[in-house]
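K.L.:
Quick one: structure below, then a few questions.
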2 protein chains.
Amino acid sequence: MKSQKISEAVVRRLPIYLRFLNELAMKNIMTVSSQDLGHKLDLNPAQIRKDLAYFGEFGKKGIGYDVAYLIEKIRQILKLDRQLQVALVGAGNLGRALCNYNTYLRNDMKIVAVFDAMPQKTGETINNLTVQPMSEMKETLARLGVRIGIITVPAAEAQNVANQFVEAGIEAILNFAPVIIKVPGEVRVHHADFTTELQSLAYYLD
Amino acid sequence: MKSQKISEAVVRRLPIYLRFLNELAMKNIMTVSSQDLGHKLDLNPAQIRKDLAYFGEFGKKGIGYDVAYLIEKIRQILKLDRQLQVALVGAGNLGRALCNYNTYLRNDMKIVAVFDAMPQKTGETINNLTVQPMSEMKETLARLGVRIGIITVPAAEAQNVANQFVEAGIEAILNFAPVIIKVPGEVRVHHADFTTELQSLAYYLD
DNA sequence: TAGATTGTTAATCGATTAACAATC
DNA sequence: TAGATTGTTAATCGATTAACAATC
């Protein structure tokens, strides 16, 4: 049961479960059923039970899931039970906006370093962070133990930044630039591209 | 062949094809094969051919696809062959960043109105647009023919904004707030949530 | 013509959903 | 006990990939 490979679809739903469970916890709700979850999140209850069952037996038959316990378990699964350090490259509008989400990321993750290739940007302050030049990246990431990188530079520079991330030992990248970037197999890349997202929405207009 | 329902996965790939085709066009490359496309976009060539074949016979056997013609066809499919008007609610950092993407969206789409519920924000200028109060939304959207809405408000207000969008006749919504919003079946919602994206990335760390 | 590449069918693979025994 | 809900198997559904005849 441990050595099954978990599909990407499952992994993408876990943070959604986690977020809703946190809401329940804040309302002092102690227990939740897969049916409740499914109803709120527009998902099939069987799917939710199956997703969770990949990782263990977290529920009680006839009762449901203990909210606090399930939160703890999902945080462990997602490796959010320690604080993960994140670096961001590209101190433009989008980069600045994301840095302000630090509060949202709570204790799970934290953007701890910001870089930009343009000399006129370095030295600027964003949310208590000083924008550093690219030349300092490798050393800073090693020192701070950064494992995750965010790319918010223009499309033309994204691949270059990705290469530097890989060189600096980054293990996972979230790319906001509207271009597919290539990295070695051991590095994980997710694309978060707002323009393609909007364009696919347009398809559903009548 | 016309009445097949197209899967979401297919629709999400079309903008990626389009973006790469535009790059080719800018390099004056006239023709491309599914193999070339697949190699560049990390997709299976058979999948690309199948995706396109849902909508018509756009290629030439032995030759490949004419870049300009395929661009034209995909733009038609995605309804990007007219300019689509977009409205945004939430003039915070993220909203401001997205407004600056207007140049990126080219002729396909354009953010033409920005709203915010906070009185101190209204009247501010973002990229030639004046932030308007929510009370003006319905009238403005009707006047400008806006069909797509973007939500960049805090999670607690997102559902409320969505309701107002629906009320104002919006047909598709891109929601950046970290919460699942509910809308009537005829309205399309995509979620573009940066925090869940980051959290699912963390799973893949060793 | 020979080589290349499409469009499409069939085969495979994977994900979702239904159903139900186990059990709280 | 009766009612509820899990964990899990089996059934269904859908998406991806392979293969190849058609043809430029």
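Cβ atoms here come from the backbone N, Cα and C positions, even for glycine.
Note that the structure is predicted; figures quoted are calculated from it, not measured.
Pulled these from TrEMBL:
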type	residues	note
DNA_BIND	A:16-55	DNA-binding region
BINDING	A:Gly90, A:Ala91, A:Gly92, A:Asn93, A:Leu94, A:Gly95	NAD(+) binding site
DOMAIN	A:79-180	domain 'CoA-binding'
K.L.:
Going along the chain, which residues at least six beyond the ends of the DNA-binding region (A:16-55) come within the CB cut-off of under 8 Å?
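P.N.:
For the DNA-binding region (A:16-55), the sequence-distant neighbours (Cβ-Cβ under 8 Å, at least 6 residues beyond its ends) are 1, 4, 6, 10, 63-68, 70-71, 73-75, 77-78, 80.
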K.L.:
Quick one: of A:Gly90, A:Gly92, A:Gly95, which of the binding-site residues has the smallest count of other CB atoms within 10 A?
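P.N.:
Sparsest of the binding-site residues A:Gly90, A:Gly92, A:Gly95 by Cβ contacts within 10 Å: A:Gly92.
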K.L.:
Counting by DSSP, what is the helix, strand and coil composition of the DNA-binding region (A:16-55)?
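P.N.:
With helix first, then strand, then coil, the DNA-binding region (A:16-55) has 28 helix, 2 strand, 10 coil.
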K.L.:
How many of the residues that make up the domain 'CoA-binding' (A:79-180) does DSSP mark as helix, as strand and as coil?
P.N.:
35 helix, 29 strand, 38 coil
